[in-house]
Structures are given as C-alpha cells and as structure tokens.
Amino acid sequence: MQPTDPNKFTDKAWEVIVKSQDIVRAYQQQQLDVEHLILALIEDPTSLAVRILGRAEIDPIRLQQQLEAFTQRQTKVGKSDQLYLGRSLDVMLDRAEEIRERMKDGYISVEHMLLAFVDDERVGRKVLKGFNVDSAKIEASIKAVRGSQKVTDQNPESRYEALQKFGRDLTEQAKSGKLDPVIGRDDEIRRVIQVLSRRSKNNPVLIGEPGVGKTAIAEALAQRIVNGDVPESLKNRQLISLDIGSLIAGAKYRGEFEDRLKAVLREVTESNGNIVLFIDELHTVVGTGSNQQGAMDAGNLLKPMLARGELRCIGATTLDEFRKFIEKDAALERRFQQVYVDQPSVENTISILRGLKERYEVHHNVKISDSALVAAATLSARYIADRFLPDKAIDLVDEAAAQLKMEITSKPADLEAIDRRLMQLEMEKLSLAGEEKVAAPTKERLQRIELEITNLTEKQQDLNNQWQGEKQVLEAISLLKKEEDALRVQIEQAERAYDLNKAAQLKYGKLEGVQRDREAKEAKLLELQSQGSTLLREQVTEADIAEIVAKWTGIPVNRLLESERQKLLQLESHLHQRVIGQQEAVEAVSAAIRRARAGMKDPNRPIGSFLFMGPTGVGKTELARALAQFLFDADDALVRLDMSEYMEKHSVSRLVGAPPGYVGYEEGGQLSEAVRRHPYSVVLLDEVEKAHPDVFNILLQVLDDGRITDSQGRTVDFRNTVIVMTSNIGSEHILDVSGDDTQYETMRNRVMDALRSHFRPEFLNRVDDTILFHALSRSEMSHIIRIQLKRVESLLRDQKISFEISPAACDFLVEKGYDPVYGARPLKRAIQREIENPLATKILENTFISGDTIYIDQDENGLSFTNKAPVKVSVTQITT
C-alpha cells in the first residue's frame, strides 16, 4: 500500500509518515522502511504509541535504542532528495489496513501501525523478541487505552484515555500521600457524602469565598474514600478532578471540544458509578464551547446525565460566580445541591495550621513554632481584610518559612561583613604597596593591614566551617524527615492492603531507625544552639510572621510587636512634640485611641472618629498628621480629602466611584480606593461643613459599620482607620472667650448648638468625640516659633550653613506673627517675610557662604544678620 492519500489515515498517523521521511534523510539513507516509521512513532514520549507500549510492559527507550542500532547497520547512500518505499513497510501498511477493517474503524490509526509492526518479519519480531510480547498483548493494551471507542474521524486520539488526559485522580494522589491533611470541615464533608448518596440529582456544589477551603473538602473526601471512611455507595470509588482548561486547549475545530467532553462523560458512564467527577471552578463549564459557531454549551451536555443520576459530580465555585453564571441557567442550577462553605474561625484556622505544620516543615527544612501558627491566624484575621481564612494564614506561614529557608541557604551576615572588610583591606594593601617610595608610616600601616588580614582570614575560615557544619546538620535532618514521611505513607499503604507483615517491618524496623537518626541530629543541633554560637536559626517565630504581615500591609513590624501598653502611654507626649497647646484635644484623642486598643469599643467600627472644631490655624490638621505619624510611623499614612470639592450633589459619587455607565466607573472612588490601597491610615476630611449633605449618608456607614461598598460592589474596610473631620463652625464663639476658663461651658454649648443646627443628629451621634480647639495664646506661639525655625535650620543645613537666633529675635517674630483670629499661620508668614526673604538675598550676594554661622538678633530696624554671633544660642536652646 502506497502512503499517498492522507485521507485514509488519521492526522497523527499521517504526521508519523511525514516525520519518518526526515529520519531517513538524517541517517543518509534512501529507502523508507519499517524501522524509520516506528522511530517516528515513539519519538514523542507523550504519544499514544508510547502509552500503548507502556501498558504492554515494553520500555520505549530501550526499543528506540534497538531500532536506532538496527537502522545504523542499514546501507547509507549520502544525501539524496529521492526516497523509495521499502517492501517490508509496504507489507506492514497493507497489514495495518486489514487490521483497520477487522476492528471496523474508519481510518488507519497509530494503533493499527503498531499492531502490524509486531508481525513484521524483517524488524518487528527480531526487535520485540527480547521483550516477550506478541500481538495479543499489544491488542489487549490497545483495548485498555481505547475502550469501546472506534476511529470514526481523523483525530480519535484526543478521545482515548480522556479522563487520564484531562483529569487528575485525587484518590490515587491520596493513596500516595501527595494530598495535604484536611482538619475539620466535618459537617460540609458529611453533607457532600449525603448528597452523593442520593438516587438522582446526586451532585453537590461547594459554594464559598475564595480561599475558604472548597477544593480541600474534595481532597478530604478522596482521603476518606481511600481510608474506607465512607458509606458503602462510595467505597472503592475514584474521585477525579476534571481540568476544563486542558479540555478546551487545542480544540481548534467546531465540535472538537464536545468530542473530548463526550469521551470523558462516556468513560464516567461506563464505569457504572465507580467514578465521581470533581469540577473546580464549575462556572467555567457554563458557556464553554458555545463561542464556536454551531457549538454546544458544555453545561447543556452535562444536564441530562446530572438529572438522571448517571453522572455523580462535585462542583466548586465562588458566591459571585455562582450567582453570575449558574443561577442564570435555572435548569443547571436545580441539578446541583448547594453546600455552603463558610470561612473558619480563628480557633479552627489554628487547628488547620497545626495539621499542615509538618508538611511545611519538611518542605522548607525549618521548624515552625506554635506561637507562629497562632500569630498567623490572629494577625491575618485582624490585618488582612480582603482575603479569607485559612488561605491567608497558610500563605503567611508558607512565606515566613520560605524567607527563613532563604536565610539558611544564604551566607550569614557576620560572614558577609568579614568578606567585605577583607576586600577593602586587600585593595588598600595593593594601593599602598604600589607607591614607589614607601614611607615609615606607610610601612607601619601595611604591617597593621597584613596583621588584620591574617586575623580576619582565620576568623572567616572558622565561621565558614561553622556555617557549613550547621547547614549540613540541618540538611541531614531535612532528608531524614522526608524519609520518615515517605515511610509513613508506605506503612499506610501496607495497612490498607492488609499486608501487616510489611507494615510491621517498616514501622518497627526502618521507621524507628530513621527516627533515632533524626533525634541524634536534632540533639547535635541543640547542643550547638545551647553554646550560643550558632550562625543559623531554624525556627519560624511570631516575629517572622509579623514581618511578613508588615510587608503585605505596610504596618511597621516594630510597631506591631511593641508593647501596646507602653505605646499608648507615650501618646500624649508624642503628640505634644508637634501640637502645642490644645491639651483637651490631645487628651480626648489619646483616650479614644486607648479605649479602642484596649478592646473597650466595638471592633467593627473605626479605631476612632473625631470632629475637630475650632478657628483656623490652631492645629486641627497638624494633630491629624501627628496622629498618623505616631500610629503608622509615616505622615503619608494620612488620606486627606478637601470636602469643599464635594459641595455639589453630582460630585458626591466621586467618594465611592461613579455608578455603572458613567465616565470614570472603572477608576473607583477617591475615598474608597485610597483606603482600599492603604487600609491602615488616618482619614482627614477637611472643612467637612462645606460638603453636600448627601456626603454624610456615605459617612454614616463608615462611622457605624467600619466599611462601605464602592460602586463596583467591593467592600472597603475602615476598621483600622482613624477618621478625623475638621470644621470651623462656631469658631467665633471660641474666639470670644479665648483665655477665659469661666465661660468655657457656655462657649461649648453655643458651639454645639451651631453644630446641631448644621449637622443631622444621626451623624453627630456616630462620632466618637467632638473636640474644641482653643485660640492660641502668646506663650504657645513662642513654642510654635521654635518648631517653625527648625524647618529654616534644616534648609540652611543642606547648604552647610549654621543658623542661630537670639531670644529677642524670637519675641520680635512672635509679636509680628501673633493674631488670635488666624492662629499660627501668620507666624509662618512672618518667618518668611522677616528671615527667609533677607537670607535668600544675602546668600545670592555671597554675604553668607558654605561653612558660615548666621546669627540673627533684633535691632532698631527689625532683625540683623551677622556672620559671627556675639552670644550663640541655638534654636533648640531658645526659652520662652
């Protein structure tokens, strides 16, 4: 039979014939024969031919080597474009055609060629003689791969062993110990088993947020099936996870995807209930395939089988995707029984982490302390709001362990410091030795360098040996742990197979020996650690977890682990370094923060919400900045919104984002996006009385529930923010009684009346505290001038110019800048006018240059600037 018509062959078979011609040319031969065709057939290790040979217990690599040796012995003619068909290949292809007819297939396929090769007298029988196979054995393995399917089109290979190709056997992975242990979730697993045991519509769908453990429930079921801890209807069943992605991948032509899916479903049906399918991301099934013209929706292929109970299927999807894709298709939805999977509590998460601890220790070759597991659960629940337990806690432990492993395998910091110092000394030595005339001091320096190099080299050698020794002990412990883990899996497999003799040998022989070796190595490591001279640490601690949380969220790690009591006791003194006066305001803010941190308020509300009332320039915004710097170690943790920008009704939507269909919908809101990206910040709503009344409807949610929902349906968490609103309402009443304490209550009542007349009661009722800021006195202004002058001092320091000022000059500036109506802002303008402007002119005129000391004093014309101070008083020494 001449292989000239590709329509008689399947695509893969014709591809093999074309490829065999390249092999002939590579061997510089002219006759295309059986050996070239079979070499092309088994060249791809994932091909159908290799799978068939594997089932027949034929090693394809050994077969390839024998065929290559046979081909090498054939006649070579050099390079030739013209090829001839060998007689034995012609006979083999005729035999393949006969086999096709006998098997009632439509096209000559790879398996027909392979079966014909077994009976080939020239090559086949000779090569296969050593493998102890015959055509019956090959035919049996073909039947095992093909099942009951016929070759009805030119791409039948995609339908063979469809489940093996497009699925992952979870029960097989459970047998070999590749699945992580699943702790808890008993109610959900029992509900899944209950639904699977029904006569019809026996298809549970696991619905829950991402990361709560839906896939883990399917893996737990696989482990229970393997252990026999299931009802009779599920015993000895296979749980196979279907990969929709690989099912779609490469399906180029119309109907090709449906063919693959039908092949999978046929295998499941033919198993007579022995196979349970698990479809992760179930929503991907709906609409899959229907994008091709005339193609069917994969969901529609599943519906009849799901309803009749022929297909037992477990689905898993998130709440949003279930609503978006599956609820729309009511016919598909009613065939699934919903099993809701909630986020576990912190206590349950700790139990889950304890169950997984050993797996992560073996993988990373580190130890994980129990306090680290508790910290991972509690800190992730408190600080990582946009993800779910237990996934976020597991990720924390995994990353902390990976970081520690990286430290173990990297060179220790002490050793790196010695390496760098040695390099510096070597360079200095070369530089000094290169001088033509070496002076006596230089010789002494060279001798000192050589002595230091000798000492450091010895120390480097000792530290290097110690590091390598510790590393070897840790690696040995890791290998023994892995061996111990593998032995435990073998013991479980032996016990399941009732091979109690083998189980006893492994448990009381090998396992005990490995455990003794591991304990000896751990004792050696403990001895090294007890001497206090270890370079490497091998335990993940609470501090490591906190450091990872800090990297994820931006909270400084030292703040996270600092004693809460000590931190809160320092709050007033820290705020007073930046905010002068306003004792009542500082104390009120500090008290509210203390209440929140001591757990004496609702954890579902913001840390604190304050309404700062008072005239302009008295420190309302500065207190918010100081609070941000103290709580979050950065001024940029302040999210500042000028509420005068939200005076019109249409601008209110900018806070949480434009509604769908409007310009800017994709961009999100200015308030919601700022807090979503920086969930740990002080939110300052400046001049809040200028905002449109509708703004306060949004703020009600924030102040009461600690969260808002933006225009895209995302929940933004405000529980870890401090909300500060400033207002000038009633400031005229505060100015009227400045410095008079007797009228304070009257003034406060007037301000509160003004406040109540402007803001609605439900808004004021949700604010933690309304704080009145007093007008600044002269003595307070004297303190503020010192803070303001430090800014000038830092500007001059950049130009290497010193700056000193007399107390009289300070008093002059206070006099010029004091205005109780405008607060501290005129003081800044006075400094700019009286100091910065003249200094700028004098620096440009070169009156003062780098290295000078400027002394500022008062004279009859105002302020004088001289280069040499008669009495030097620095800014920090100014007294009021």
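Each residue, glycine too, has its Cβ placed from N, Cα and C.
Under the heading ATP 1 binding site, Swiss-Prot lists Gly208, Glu209, Pro210, Gly211, Val212, Gly213, Lys214, Thr215. The feature ATP 2 binding site is assigned by Swiss-Prot to Gly614, Pro615, Thr616, Gly617, Val618, Gly619, Lys620, Thr621. Residues annotated as coiled coil in Swiss-Prot: 394-530. Residues annotated as domain 'Clp R' in Swiss-Prot: 6-148. Here Swiss-Prot flags 9-74 as region 'Repeat 1'. The annotation region 'Repeat 2' is assigned in Swiss-Prot to 85-148. Marked as region 'NBD1' by Swiss-Prot on the basis of similarity to another entry: 161-343. The region 'Linker' annotation in Swiss-Prot covers 344-554 and rests on similarity to another entry. Sequence annotations record features per position, and here Swiss-Prot assigns region 'NBD2' to 564-775. Here Swiss-Prot flags 776-880 as region 'C-terminal'.
Location within the structure of each feature annotated in Swiss-Prot.
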residue: Gly208; record: ATP 1 binding site; DSSP (3 states): coil
residue: Gly213; record: ATP 1 binding site; DSSP (3 states): coil
residue: Gly614; record: ATP 2 binding site; DSSP (3 states): coil
residue: Gly619; record: ATP 2 binding site; DSSP (3 states): coil
> When the Cα of Lys214 (ATP 1 binding site) is compared with the Cα of each of the binding-site residues Gly614, Pro615, Thr616, Val618, Gly619, which one is closest?
Replying inline: Gly619
> Among the binding-site residues Pro210, Gly213, which residue has the largest number of other Cβ atoms within 10 Å of its own Cβ?
Replying inline: Gly213
> Considering only the binding-site residues Thr616, Val618, Thr621, which residue has the minimal Cα-Cα separation from Gly213 (ATP 1 binding site)?
Replying inline: Thr621
>> Mean pLDDT for the region 'NBD1' (161-343), rounded to an integer?
In response: 81
>> Which range wins on Cβ pairs under 8 Å with the region 'NBD1' (161-343): 85-148, 564-775, 776-880?
In response: 85-148
> By DSSP, how many residues in the region 'Repeat 1' (9-74) are helix, how many strand, and how many coil?
Replying inline: 45 helix, 3 strand, 18 coil
> Of all the binding-site residues given, Gly208, Gly211, Pro615, which has the fewest Cβ neighbours within 10 Å once its own Cβ is left out?
Replying inline: Gly211
>> For a quick check of understanding: among the binding-site residues Val212, Val618, which residue's Cβ has the most other Cβ atoms within 10 Å?
In response: Val618
> Which chain-mates of Lys620 (ATP 2 binding site) that are at least 6 residues away have a CB under 8 A from its CB, listed by sequence?
Replying inline: Phe612, Gly614, Thr726, Phe773
>> Give me the long-range Cβ neighbours of Thr215 (ATP 1 binding site): same chain, 6+ apart, Cβ under 8 Å, in sequence order.
In response: Asp280, Ala316
> Roughly how many angstrom lie between the C-alpha atoms of Pro210 (ATP 1 binding site) and Thr616 (ATP 2 binding site)?
Replying inline: 48
> How big is the gap, in Å, between the Cα of Gly617 (ATP 2 binding site) and that of Gly208 (ATP 1 binding site), rounded to a whole number?
Replying inline: 51
> What Cα-Cα separation, expressed in whole Å, is found between Val212 (ATP 1 binding site) and Pro615 (ATP 2 binding site)?
Replying inline: 51
> Among the binding-site residues listed here (Pro615, Thr616, Val618, Gly619, Thr621), which has the Cα closest to the Cα of Glu209 (ATP 1 binding site)?
Replying inline: Thr621
> Do you know offhand how many angstrom separate Gly619 (ATP 2 binding site) and Gly208 (ATP 1 binding site) by C-alpha?
Replying inline: 48
>> Nearest of the binding-site residues to Gly211 (ATP 1 binding site) by CA-CA distance, picking from Pro615, Thr616, Val618, Thr621?
In response: Thr621
>> Please count the residues of the region 'C-terminal' (776-880) that DSSP assigns to helix (H, G, I), strand (E, B) and coil.
In response: 54 helix, 18 strand, 33 coil
